Amino acid sequence: MSLSKTKNPALLAGPGDEAKEKVQAALELLHKFGSAFKVDTAGFSFHPESPECDKIFGAYLKNVKHVPTYSSAKTLTSVGGRILYAATCQYVKLTPVTNLTGCTLWEHGWGQNLKCYHGEGMCRKKNEIEMAATSESGVAALKEGRGAVEINRWGRQVVKITQENYVICMEDLQSRFNQPSANSCGLSFSDSDKARSAMENATELTRSIFSQAKMDHLLFMPICCYCNYGGKMILGRQLCKLTPFSISGTEGLREEDVSPVQAVSVRHPAVFVFQCCNATGGSKGKTSCDFKISHADLLQVLNLVRKMWLEVMGYPMPIHFPRFKWSPSLRVKNALLPEGSVNEDENPFGLDNSEDEEEVVPPSPPSPARKRTRTTVAEVHHKKKKKIVLESSEEDE
């Protein structure tokens, strides 16, 4: 593992030579993990944006055979790789310039009222959604009894869903649906009751898995998707989209028939799912990354990375997750910037280069205006009298 193969660790702080020595120590540590789980580490560079730690955790995850809940396999390995990378940095005393775990601890303060990322109470606002009667979402809404067929103002048949428990950030009270204001944190829930159930699930699940941790008032969550990892600023929301998903099939289950961890989801059949900051839900003309992980799987990923570290190193993993603090930089960026594709044609405007350029003669400077003198009547008589005197004097000579 030669340092000549390493990329410039732009997200890592420290003097050049000292940072290189620490990167070399980190590469040796990853080689140790790779040997334990049969991962080739010959070309590793320990760059923050390289998926090297993802490969190591992915190999470990395959042996565990974890069944995800609303999470993609790619996101599970990515988040596990981020945590392993941050732990390795802390082990070799290499200080990143940003939070490379991509995760944080949010002191949500939820009680009787739900609060947004500003720390203020969320506002309830009635919201109505119209969908085509033949669309997949419209048919699903009718089957679930969430919508009704109506004729809209354009005379079209639509499925109308009325969200009575829709809550939004206080800064979006005067904004239209799904169009957050410039001061918004971007947090909203279509069903406040389901969101509350998901938060109760998260609290009790954390208590069940990490029984010694005092986390009743904190939510462990990712804040970076693939779009803004590493402290990047993007258009739109700056924090992962937080959505409560229902856990189906819990009807008829008794808590005593399942494990204590599973019993949490029987009592509170909803779970938070974190997605791309600007997840579009399949909207045309918009793109989003495929980041998707549930809170339950996020806890399991942290647990598995800790177990993996303990198996290889023989002692607990060093890791630190910062507290979430609201900052104006996390507000929704609503700038409308012009887009366009790059055209590499040499002559896109059809200029004829064979034609000689006409010589441009600079215009001559304007001549100064002559000053017109004004002659009075007295001056005219004086000149005539002077002329007569001159003529008479010539005759005398």
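Here the Cβ of each residue, glycine as well, is placed from N, Cα and C on the backbone.
Not measured: the values here are computed from a predicted model.
Within 10 Å of the C-beta of CYS116 (Zn(2+) 1 binding site) there are 23 other C-beta atoms, taking all protein chains into account. According to DSSP, CYS116 (Zn(2+) 1 binding site) sits in a coil region rather than a helix or strand. Marked as Zn(2+) 1 binding site by Swiss-Prot: CYS116, HIS118, CYS169, CYS185.
Feature annotation from Swiss-Prot assigns region 'Flexible loop' to 129-161; the stated evidence is sequence analysis. Secondary structure by DSSP for the region 'Flexible loop' (129-161): 8 helix, 13 strand, 12 coil.
Here Swiss-Prot flags CYS225, CYS227, CYS276, CYS289 as Zn(2+) 2 binding site. Residues within less than 8 Å, Cβ to Cβ, of CYS276 (Zn(2+) 2 binding site) and separated from it by at least 6 positions along the same chain comprise CYS225, TYR226, CYS227, CYS240, LYS241, SER288, CYS289, ASP290, PHE291, LYS292. In the three-state DSSP reading, CYS276 (Zn(2+) 2 binding site) counts as coil.
Summarising the annotation, Swiss-Prot assigns region 'C-terminal arm, DBP binding' to 335-397 and lists sequence analysis as the type of evidence.
Residues or ranges marked as compositional bias 'Acidic residues' by Swiss-Prot: 342-360.
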Arithmetic mean of per-residue pLDDT over the region 'Flexible loop' (129-161): 85
Neighbours of CYS116, HIS118, CYS169, CYS185 excl. site residues, C-beta within 8 Å of centre, Zn(2+) 1: LYS115, TYR117, GLY119, GLU120, MET122, MET170, GLU171, SER184, GLY186, LEU187, TRP326
Other C-beta atoms that fall within 10 angstroms of the C-beta of HIS118 (Zn(2+) 1 binding site): 17
CYS185 (Zn(2+) 1 binding site) CB neighbourhood, other CB atoms within 10 A: 23
